[in-house]
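> One structure, as structure tokens, below. Some questions next.
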Amino acid sequence: GECCGNCIQVACIVIINDTAEILEPGQTKEDNCKQYKCEPKNNILVLVETIERCPFFDPDCNPDQIEWTQNGCCKICKQIPDCKPYKNQTLIHENECVSSETVELTYCEGICPTSSAYSLKEKAFKHNCNCCQEFKTHKKEVTLTCLNGTTIIYYYLYVDECKCRSECNFETPPS
């Protein structure tokens, strides 16, 4: 005969930093870049260990673009977004006049392909420069109220679409 009942496993034990922790079936625990999960297999509970695999990290990544995954396991190179319009809110000031409310202004920002390669045929470097610039705009107006109580209409350009363009026009302010 049997004197005792059968021993039935009801949990898994994982040791993290010299401390034993109990995991119920289906429960997970993370430690650094490892995940432990207690799973039933063939009528017994098994501790399954998964080690996070990091995606390829570009060693030439700009240090300003380096980020860590949420759990701190992997370095990733955060890509700067493609050339597109962004918005910000600002008051418009012109001489002694100002808009009564903030106005939505738009601007273009993002990465465009740029290269410099030596041409054997031309025996010189061939430059391919592209800039993120406005492509489609439309004129908007806002009423500005002046200190003397009068109002003026102020016109500005609103960016609808940005594109990478090889004609990099840089406006220089009048001196």
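Positions of Cβ are set from backbone N, Cα and C atoms, glycine also.
Keep in mind that TrEMBL annotations are predicted by a computer and have not been checked by a curator.
TrEMBL lists these features:
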DOMAIN    77-169  domain 'CTCK'
DISULFID  CYS97-CYS146  disulfide bond
DISULFID  CYS108-CYS162  disulfide bond
DISULFID  CYS112-CYS164  disulfide bond
> Check the DSSP secondary structure of CYS146 (disulfide bond), expressed as helix, strand or coil.
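Its secondary structure by DSSP: strand.
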> Quick one: pull the CA-CA distance for CYS162 (disulfide bond) versus CYS146 (disulfide bond), whole Å only.
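The separation of the Cα atoms works out to 33 Å.
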> Should CYS112 (disulfide bond) be counted as helix, strand, or coil on the basis of DSSP?
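DSSP call for CYS112 (disulfide bond): coil, neither helix nor strand.
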> Just to confirm: which same-chain residues, 6+ apart in sequence, have a Cβ under 8 Å from the Cβ of CYS97 (disulfide bond)?
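Within the chain, CYS97 (disulfide bond) has Cβ neighbours under 8 Å at LEU144, THR145, CYS146, LEU147, THR151, ILE152, TYR154.
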> Using Cβ-Cβ distances, find the residues under 8 Å from CYS112 (disulfide bond) that belong to the same chain and are at least 6 apart in sequence, listing them in sequence order.
CYS83, ASN130, CYS131, CYS132, CYS164, ARG165
> Where's the emptiest Cβ shell within 10 Å among the disulfide-bonded residues CYS108, CYS146, CYS162, CYS164?
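Among the disulfide-bonded residues CYS108, CYS146, CYS162, CYS164, the sparsest Cβ neighbourhood within 10 Å belongs to CYS146.
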> Taking DSSP three-state, what's CYS97 (disulfide bond) in: helix, strand or coil?
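The residue in question, CYS97 (disulfide bond), is strand (DSSP, three-state).
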> Across the domain 'CTCK' (77-169), what does the mean pLDDT come to, as a whole number?
90
